[in-house]
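Copied over from TrEMBL:
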DOMAIN    43-284  domain 'Rhodopsin'
REGION    345-365  region 'Disordered'
TRANSMEM  21-41  transmembrane segment
TRANSMEM  61-78  transmembrane segment
TRANSMEM  99-126  transmembrane segment
TRANSMEM  132-154  transmembrane segment
Amino acid sequence: MSSKPDAAPELFVPISDRAAYLARVHTGVTIFLLALCIVPFSARFYTRVRPVVRLGWDDVLIALGFGLVITDFVLLQFEMCLKPGAISIPTVTHAVKHAYLAIPVWVAAMTCIKLSVVLTLLRIPVNRRWTFFLYTVATLQAIYFIGNVVFAFVQCRPLAAVWDPVLAADPSSVCLGAAATRITSNVSSGINTATDLALSMAPMVILWKMHRPLRERILVCALMAVGLLASASSLVKAIIIQEWGNPDVDSWALAESIATWTVVEQELAVLAACSPSLKGPLQRLLGRMGIALTQYNSRISFMTRTVSAGGPEMGRDEGQPVYFQPNESSDDKTDENLVELGLGKTSRTGWEGKPVGSKEDSEARLNLSVITT
């Protein structure tokens, strides 16, 4: 009597204690940063829709980028094994598939975030050299995006051989070797880190030269400096990737480490792009603590919202911030710290719109408001 052949034993991939630990670190750190991103992201859009809607393409891109960051976070979570042990080959295939699809999503997210920063800076009237520099960075980032997406989809034929070990073992499948992957990764990491540093430093250099109080410039530059942490994350990831393909390294733990720095880089980039919107709340908080960022004059009020009326007749463009002082002939002196914004001589308080202060002060405040509101 013949018996049926025994079924092939199911194969498993071991998950080490280190891999499980890195998975828990990844989950905790990335969830915390993701929740933290919501604060400046919400503040940015709150300031852009109140009191009037002033949304631009930079806001559209940052919203799209943040959505892609969340998508990437979800895709990479499939490879996080929180406990040591072993997982089946189908589970491995499922995790690797989602992790690989996260690569073009990551590139798209970083491209949207960086282009958003470029468009925001282009709203400031900078000189031709800065304009050329920003357009160069944007072009380089667009080329980087296209190159990475193309490479991701031509790495194997068929593409599923990247994550399916059965197809990878098929002689008809063709994949690029580990050396080609490392070279491409090095070039990609170099471009990514360069654009990260460029867009982290450029806003600080531009804002530092503005005719604004030192404390105010320090606060805004400190908020923008979060971008340097994103650059550092990109650099760390580039170093870690060099171990990919090394048979002596725990490949699953290495993949989790790469995933962690990938998500952290994206989340820090969102924080850097949106954190300047927190300048107003932080400035008010510091004011309550007795730390003034600007010198206060009881006879001068700074208009930070868009002028809706009376702008052109005062010799200023509509929407430009103007310094106002009380009309000396007015009998209403009871509320000298309040200005009826944009009403000029028709102010109910009896004030007459008299621009005071230097042109540099007015222009600097307008340029700073482009970044922080």
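One-based numbering along the chain as shown.
Including glycine, each Cβ sits where the backbone N, Cα and C put it.
Source: prediction; values computed, not measured.
When Cβ-Cβ distances under 8 Å to the transmembrane segment (99-126) are tallied for each of 21-41, 61-78, 132-154, the top count falls to 61-78.
Long-range contacts of the transmembrane segment (132-154) within the same chain: residues 100, 103-104, 107-108, 110-111, 114-115, 118, 121-122, 126, 184, 188, 191-192, 194-195, 198-199, 202, each at least 6 residues beyond the stretch ends and with a Cβ under 8 Å from a Cβ of the stretch.
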